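Participant: Just lifted these from Swiss-Prot, have a look:
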type	residues	note
REGION	1-29	region 'Disordered'
TRANSMEM	58-78	transmembrane segment
TRANSMEM	95-115	transmembrane segment
TRANSMEM	124-144	transmembrane segment
TRANSMEM	155-175	transmembrane segment
TRANSMEM	182-202	transmembrane segment
TRANSMEM	237-257	transmembrane segment
TRANSMEM	313-333	transmembrane segment
TRANSMEM	349-369	transmembrane segment
CARBOHYD	N383	N-linked glycosylation site
TRANSMEM	392-412	transmembrane segment
TRANSMEM	417-437	transmembrane segment
TRANSMEM	465-485	transmembrane segment
TRANSMEM	489-509	transmembrane segment
Amino acid sequence: MKEEIDAPVSTDASGTDLENARDQPSGEKPTAVDIYLVEWDGPNDPELPMNFPLWKKSLITCIFSTLTIWVTFSSSVFSAAAGITSKEFHVSVEVMTLGTSLTVLGFTVGPLVWGPMSELYGRLKPLYIGYAIFIIFQVPVAVAQNLETLMLARFFLGFFGTSALAIIPGALADFWGPVERAIAISLFSAATFVGPIFGPIMYVNTMITLVNGVWTRANHDMSSGGFIVDSSLGWRWTAWITMIPASFFGIIAFLTLPETYHPVLLQRRASRLRKETRIWAYHSRLDENTPTFGEILTKYLFRPIQMLFLEPILVCMTIYISLIYGILYLFFVAYPIAFREVRNWKSLGIAALPFLGILVGVLMGCLLVTIATRLWYAPKLQNGSVVPEDRLPPMIVAAILLPIGLFWFGWTSSPSISWAPQAIAGAPIGMGILMIWMQGLNYLIDVYLVVANSAMSANTLIRSAVSAAFPLFATAMYHKLGVDWATSLLGFLSIAMIPIPVIFYFYGAKIRALSRFSPKW
């Protein structure tokens, strides 16, 4: 039973095919005699994705991560435009924050569609369809003349863009071994955070100012003088700037990516054999057992809801992961308040740069998870002593780092204190968010194994809904409480979450033994 831990390394945003992927890598023949059942010709079959050369696996992973960056980039790039667009459409800034929240809400609904599609049609078809429509929906955002068009387009680009977030982690599980896959997943995880962090930073060069009802070029001077941001584009370029590189890398993906989903590859092999031999009895397991609509609904909707009421591990981890993901999107509102309003930084370019502190923390967290996987997890995997709770030590460290970073950020926000300590506080915040997210999801996958898809669907549903809601109250909270106490409130909430990984590390095995869905170890 210990060998089953090989697969639980994906941090899939939707739980896409984590259950099926678990049985794919071995390449072994079935024991039952069926000479026309098409399977891999042993573990060394050259067509088995696990046998791709290292350069090919690395290239595919990099392309996947690039697609992910532009999807998540689109979720936050609009947040910096809330002030200007609120003036153009004559609504409050809080209303314009819906532009970000609706995209994240699309991330909530999308996996319920893209997960099942990847099981039926493979990785590439639904990925290409969703990603192409995601690109197309940048156009109505860029040319919208009314608020309704803008908001609907923002929702649908999130819905279709999440095809990448839902499908790619499962695809990585198709061709990476257990230890290497953890490293590949860490790269994908970093991409999911790099995108939204870069969004507000890249936006600053597209700002323009409304003067006497006419959009003009604007120079924003620092109060200290000397630094000028010459912004000649406009907020609509937040869509064009997303569309252009997303299209470029989408074309590269279309021309280079191979299908990796094992059941579909075997189905294609069976079809090829039927044509070559004229023996129509050749078939694959997918031909025998195509999931029914009812089975798909059970896996991605009904069972996840049931588990949210019955599984304490899933409930607690989902609450924790939802909190840290919500904090990330809340900061897209909080950072401009902290640096532009409180510190009176006039330049949007300068005010956006502190986001780089979170980015540095995300990359450091990615590195630490990789090191922990190599030095702690891999040896246990090799000697067969690994258990799900072995995922939690890095998460416990991150659970301590996150509140440290939050209190650090909040109580260095006074204009009388140098900006540097507050900007540096983003590093432990980024590390905490990345490591809690990665290891928390990995732990859920390890715990639930054969029903991991359902657990991840439940987590995704709640996590995305919470992260969509957080930006909506961020402005009011920070204006009412101030940066110090508003961020401290988040710090206190994160402190309240620290016992979750600690308790599961020591008592997780006993709790799992009482579960209806976790396999008995």
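The backbone N, Cα and C atoms fix where each Cβ goes, and this holds for glycine too.
Model, not experiment: these values are computed from the prediction.
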Participant: Where, among 182-202, 237-257, 392-412, 489-509, do we find the most CB pairs under 8 A to the transmembrane segment (124-144)?
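Facilitator: Looking only at 182-202, 237-257, 392-412, 489-509, the most contacts with the transmembrane segment (124-144) come from 237-257.
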Participant: Mind giving me a neighbour count for N383 (N-linked glycosylation site)? Other Cβ atoms within 10 Å of its Cβ, every protein chain shown.
Facilitator: 8
Participant: Which bits of the chain, at least 6 residues beyond where the transmembrane segment (95-115) starts or stops, bring a Cβ under 8 A of a Cβ in it?
Facilitator: 13-17, 74-76, 78-79, 81-83, 85-86, 89, 126, 130, 147, 150-151, 154-163, 165-167, 300-301, 329, 332-333, 453, 457, 460-461, 464-465, 467-469, 471-472, 474-475
Participant: Counting a contact as 3 or more Cβ pairs under 8 Å, with residues at least 6 apart in sequence, do the transmembrane segment (392-412) and the transmembrane segment (58-78) touch?
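Facilitator: The transmembrane segment (58-78) and the transmembrane segment (392-412): touching, no.
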Participant: Would the transmembrane segment (313-333) count as touching the transmembrane segment (489-509), i.e. at least 3 C-beta pairs under 8 angstroms with sequence separation of 6+?
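Facilitator: Answer yes: the transmembrane segment (489-509) meets the transmembrane segment (313-333) with 3 or more Cβ pairs below 8 Å.
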Participant: Give the one range among 58-78, 237-257, 349-369, 417-437, 465-485 whose Cβ atoms make the most pairs under 8 Å with those of the transmembrane segment (313-333).
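Facilitator: Answer is 465-485, with the largest number of Cβ pairs below 8 Å.
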Participant: Spell out yes or no: are there three or more C-beta pairs under 8 angstroms between the transmembrane segment (182-202) and the transmembrane segment (349-369), with each pair 6 or more apart in sequence?
Facilitator: yes
Participant: Can you tell me which parts of the same chain pack against the transmembrane segment (465-485), counting only residues 6+ beyond its ends and a CB-CB cutoff under 8 A?
Facilitator: 79, 93-94, 97-98, 100-102, 104-105, 107-108, 322-323, 325-330, 332-334, 337-338, 342, 409-411, 413-414
